[in-house]
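Per TrEMBL, domain 'UvrD-like helicase ATP-binding' is recorded for 10-295. Per TrEMBL, ATP binding site is recorded for ALA31, GLY32, ALA33, GLY34, SER35, GLY36, LYS37, THR38. Per TrEMBL, the feature domain 'UvrD-like helicase C-terminal' maps to 296-578.
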Amino acid sequence: MKKNIQDYIAELNSAQKEPTLHKEGPMIVIAGAGSGKTRVLTYRIAYLMSEGVDAFNILSLTFTNKAAREMKGRIAAIVGNSEAKNLWMGTFHSIFAKILRIEADKLGYPSNFTIYDTQDSQRLISSIIKEKGLDKDVYKYKQVQSRISSFKNSLITVKAYYQNGELQEADAMAKRPRIGEIYQEYVERCFKAGAMDFDDLLLRTNELLTRFPEVLAKYQNRFRYILVDEYQDTNHSQYLIVKALSDKFQNICVVGDDAQSIYAFRGANINNILNFQKDYHGVKMYRLEQNYRSTKNIVEAANSVIEHNKTKLDKDVWTHNEDGGKIKVNRLVTDGEEGRYVASSIFENKMEHQLNNGDFAILYRTNAQSRAMEDALRKRDIPYRIYGGLSFYQRKEIKDVLAYLRILVNPADEEALKRVINYPARGIGQTTLEKLTITANHYKRSIFEVMQNIQKLPELKINSGTRTKLDNFVTMIQSFQIMNQNANAFEVAEHVAKKTGLLQELKKDGTPEGVARLENIEELLNGVKDFVEEQKELDGTTGSLAEFLEDVALATDLDQDTGDDDRVALMTIHLSKGLEFPYLYIVGLEEDLFPSAMSMNTRSELEEERRLFYVALTRAEKQAYLTYTQSRYRWGKLVDCEPSRFIEEIDEKYLEYLTPIHERRYKPMIDADIFGEVDKSKLRLKKPVSGTPPKRFDSEAASRKLRKIKPGGGASNTANNLGTTLEAGNIVEHIRFGKGKVVRLEGVGGDKKAEILFENGGLKKLLLRFAKLNVIG
Ligand SMILES: Nc1ncnc2c1ncn2[C@@H]1O[C@H](COP(=O)(O)OP(=O)(O)OP(=O)(O)O)[C@@H](O)[C@H]1O
Ligand SMILES: [Mg+2]
């Protein structure tokens, strides 16, 4: 028998039922991880609909589009697909891009505006820096881009920037007094190109809602119920949009966890959640305490870590779930070994508990850490999938095809045009492009318009040969546009890939990389085809190319997960928010890596790192593993590592050390002046938990020792004549593995090997010819 809404509500505990059934007026659910916030939000929407609220009147904002799709799927299962289809559900960016398309003309934008991704923005900023003759080592384009982005997220327009002495002074102090100028030029160029960057999608929405009261009224009336998941990570711009839209009916429901606010570095403002009660009138606050996701050990371990944060709301999180295994902590020598350990542990768990690859996730602080994990998983033939990093749509060949599609939809798109005007090579050189750009800027027109009117612009001084090439390009794009009026998105995309010569170019290449790129383009075309089919099923249309491009521009990496293949998930902790995995490995738990060296200057930065660790640990359902290494290559140098303070902050009773934790020395980073009052007990170094702590291995000293040894013999204990002197029982020191005892020797001459048991627990067989060993006893 089909379940109805009452059956679903009956599955909730009483604390969850209340917010789910809340009628009118502002409400907030503040609760710890895994307590059912997202579930409450989902059921609440279904409940509202079952009470007769029209799906058209509900707006729901999520952290990823994938989360939105999943939620919609669940709601559809309860209320039926035809009803659920009309819900507006998605990320802030995707929802407001939709609204901006409808209202674009009010802001002077075409409705087919392009969305610039971060790479497009950075390229444009980089050209502006160059055009202005600024020093690119001072004006680093990535830093300038993130500065401009932070202005936009705080709604500081160019005009506001110029009225703000403090900001200008800060930039002048940072030796970048011309930031304002770059900002202004960047905004003008985006506007001229009919392009909005990610931040514009929020900034322009705010502009729309403040400048046009009738537009505000229209959407206020439409969205009578507004629901926001992960509210703790909204930024100022998002906050204002939600505030404006909910102002009339005040039916605003937000859920979040201040302990999981992890995007301050991108402008998220934890105060949005802390001040919610002040911002609205008569707010009803709900709290959930029971965690359904994780074992007792995990829940309590996570609680014991977050306790160390000062800025937080008090919460009780507990669970009825079983105790589960203790959290396993392991120390490895290098990141290579760390990868091998994780891979073999996954393998063993799979065998022992009959699990799927999809039951496992590996989380890390930085993308670069994925490589060691990948290598080890590949060697073990364990399928995996990396989220984040270079996503499919960021690949060069894909961006090339998309650039052509973008131009045909919006010929003013400057970044797309620059990308492919001479790719594949058609003899349009850099000088020509520069002339076109200067003229376009002068007339405040797009480059494409200049190209269309070249015969009227003799001052351009472009020779007739080049002019023909430019004309051919314009004609080609126009022919695509004509085709686009009748054919569906797939037909157009396929035609473009062929006619532009992109496919030929890659076929000509013939290298394995070329073949892989060709396959990627094929995959992209498959994607367009799927989109066309899906659209047909949804609303009978075939979906326009413009719609497809918007989907792509706003696709986050998680969105490509179709969930139909069974793989271990690898991702940064930031990306793992809201997700859950039965078996979880958090790797690289070392001081300076996690917490990151860049986030330890103030208490608030350190607290954000701790929240990040809390997010990581609370993704685990059944079993969590924490690993750290003794040395790791960072910026090309092998550095000594110390275990992260976060391991130590977990109450010991929830941990099982697979290797004894080695002595740690915190850097003197806890500064009373910065942090205010300091809890001295937190500064105390804890004793190692079990076993004798191995002496910290000083690789510098060891290599100094080794350097003293002349090659080709000399000292009796060198690596070079070890074969003759070394015997079982000797104590040796290795530059990376530390101290160890020779267990036995085997082989003769150049093949002679020593089996050594190192203090850190590893048993290794080393070929003496190559082993950098120092005999010390
Ligand atoms: N009453 C319940 N009965 C059974 N399972 C539940 C119940 N409430 C929530 N769950 C399950 O517990 C898990 C965590 O729920 P959910 O993801 O909604 O928590 P959350 O508070 O949103 O977590 P996070 O803070 O990590 O986003 C999910 O698998 C969910 O289906
Ligand atoms: Mg959630």
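Each residue, glycine too, has its Cβ placed from N, Cα and C.
Surrounding the centroid of the Cβ atoms of ALA31, GLY32, ALA33, GLY34, SER35, GLY36, LYS37, THR38, where the record places ATP, the chain contributes additional residues within 8 Å, namely ASP257, LEU288, ASN291, ARG293.
Listed in sequence order, ASP257, ALA259, LEU288, GLU289, ASN291, ASN303, LYS315, VAL317, THR618 are the same-chain residues six or more apart from GLY32 (ATP binding site) with CB atoms under 8 A from its CB. Only LYS37, THR38, in sequence order, out of the binding-site residues ALA31, LYS37, THR38 have a CB under 6 Å from ligand 2. Among the binding-site residues GLY32, GLY34, GLY36, LYS37, the ones whose Cβ sits under 6 Å from an atom of ligand 1 are, in sequence order, GLY34, GLY36, LYS37.
A simple way to gauge crowding: the CB of THR38 (ATP binding site) has 19 other CB atoms within 10 angstroms, across all the protein chains here. DSSP assigns ALA33 (ATP binding site) to coil in the three-state reduction, placing it in neither a helix nor a strand. Counting only same-chain residues at least 6 apart in sequence, those with a Cβ under 8 Å from the Cβ of LYS37 (ATP binding site) are VAL29, ALA31, ASP229, VAL255, GLY256, ASP257, LEU288. The Cβ of SER35 (ATP binding site) has 29 other Cβ atoms within 10 Å, all protein chains considered. Mapped onto three states, the DSSP output places THR38 (ATP binding site) in helix. Annotation for GLY36 (ATP binding site): spatial neighbours LEU12, ASN13, GLN16, LEU288, GLN290, TYR292, criterion Cβ-Cβ under 8 Å with sequence separation of six or more.
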